[in-house]
Amino acid sequence: MTSLTSPDYIGRFAPTPSGHLHFGSLVAALASYLDARSVGGRWLLRMEDLDPPREEPGAQAAILKALESYGFEWDGTMIRQSERHAAYAQVLDQLFNHGLAYACTCSRKQLEPYHGIYPGLCRNAGHPGEDAAIRLRVPELEYHFNDRVQGQYRQHLGREVGDFVIRRRDGLYAYQLAVVLDDAWQGITDIVRGADLLDSTPRQLYLQELLGLRQPRYLHLPLITQPDGNKLGKSYRSPPLRADQATPLLLRALRALGQTPPADLDDATPAEVLKWGSAHWDATLIPRTLTLPEALLR
Ligand code: GLU
Ligand code: ZN
């Protein structure tokens, strides 16, 4: 007998509770879900609640409710990054004690002239680890990977990123560290997420290499850009996903992903739309880029 779920594919959706889900998050949830389910894979849910000050009260519950009303069913219990601090601390201490990471006391003002690329000012300062940001030393090397939609992506860590923060001065762990540890811990084989994270991936590849973790496959979804070229997102006040719009918005998201659902799904339940989507999923049809009118009208 063939088993229903295959350990060969474990995917995930990893929302940040800084706000409600919007159409862009729905596209990410849907694509990661269908990519997993279409091959009998598992689909996990992880709440990326690393930054309590930026968390919107009630956002976690609203995200779960939206996912449920849109017909998504995840495997196992959801994990929260806020419950994983001990694991992050252990790795961070290891990196620090081995000299792979160091404490940085630079102020924001001091770093202003460098446009986000840390120039290594504290590299050899030997600051103690308390009351300081912790930065990971990056090698003077180019990291590259082959994305299933975006193709070859390359980035020189030394020149384009610089030593990056893995724990902030206020003690909060950085996304880059947490995401790599959690994806490995949860056995994630395939990462499907928005292309806004494309330029984070080389940092994550470096962390995986450093920690001896397996590299997952990557699929970065097209970002929806406004007619003015700006990215559609939380800053554009995209409306929250309404429960009574589940079927039409799922169909719109499917079309944005290059899939061609038939007209008779217009009256289907969200679960039926997902079922159709998983039976007909073709990731090779996903467009590399998408403008807002395309996303809405296709
Ligand atoms: N939590 C991130 C977000 O909401 C996604 C992280 C990821 O998929 O790697 O944008
Ligand atoms: Zn510094």
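Any Cβ shown, glycine's included, is placed from N, Cα and C.
In TrEMBL, annotation is done automatically, which means it is predicted and not curated.
The average pLDDT the prediction assigns to the domain 'Glutamyl/glutaminyl-tRNA synthetase class Ib catalytic' (12-234) is 95. If you look up TrEMBL, you'll see 12-234 marked as domain 'Glutamyl/glutaminyl-tRNA synthetase class Ib catalytic'.
Mapped onto three states, the DSSP output places Thr16 (L-glutamate binding site) in coil. On its own chain, Thr16 (L-glutamate binding site) has Glu48, Asp49, Leu50, Asp51 as residues at least 6 apart in sequence with a Cβ closer than 8 Å to its own Cβ. Per TrEMBL, the feature L-glutamate binding site maps to Arg12, Phe13, Ala14, Pro15, Thr16, Glu48, Tyr175, Arg193.
Here TrEMBL flags 15-25 as motif ''HIGH' region'.
Cβ contacts within 10 Å of Cys122 (Zn(2+) binding site), excluding its own Cβ and spanning all protein chains shown: 18. What TrEMBL records for Cys104, Cys106, Tyr118, Cys122 is Zn(2+) binding site.
The feature motif ''KMSKS' region' is assigned by TrEMBL to 231-235.
Annotation source TrEMBL lists ATP binding site at Lys234.
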(message) If the criterion is a C-beta within less than 6 angstroms of any ligand 2 atom, which of the binding-site residues Arg12, Pro15, Cys104, Tyr175, Arg193 pass it? List them in sequence order.
(response) Cys104
(message) Given a Cβ distance threshold of under 8 angstroms, which distant residues of the chain, six or more beyond its ends, lie next to the motif ''HIGH' region' (15-25)?
(response) 47-51, 54-56, 59-60, 62-63, 66-67, 194, 223-224, 232-234, 238-241, 249, 252-253, 295
(message) Taking only the residues the record lists as binding L-glutamate, namely Arg12, Phe13, Ala14, Pro15, Thr16, Glu48, Tyr175, Arg193, what is the largest Cα to Cα distance between any two of them, in Å to the nearest whole number?
(response) 16
(request) Measuring Cα to Cα, tell me the gap between Pro15 (L-glutamate binding site) and Tyr118 (Zn(2+) binding site) in whole angstrom. (result) 28
(request) With the Cβ under 6 Å from ligand 1 as the test, give me the qualifying entries from the binding-site residues Arg12, Phe13, Thr16, Glu48, Cys104. (result) Thr16, Glu48
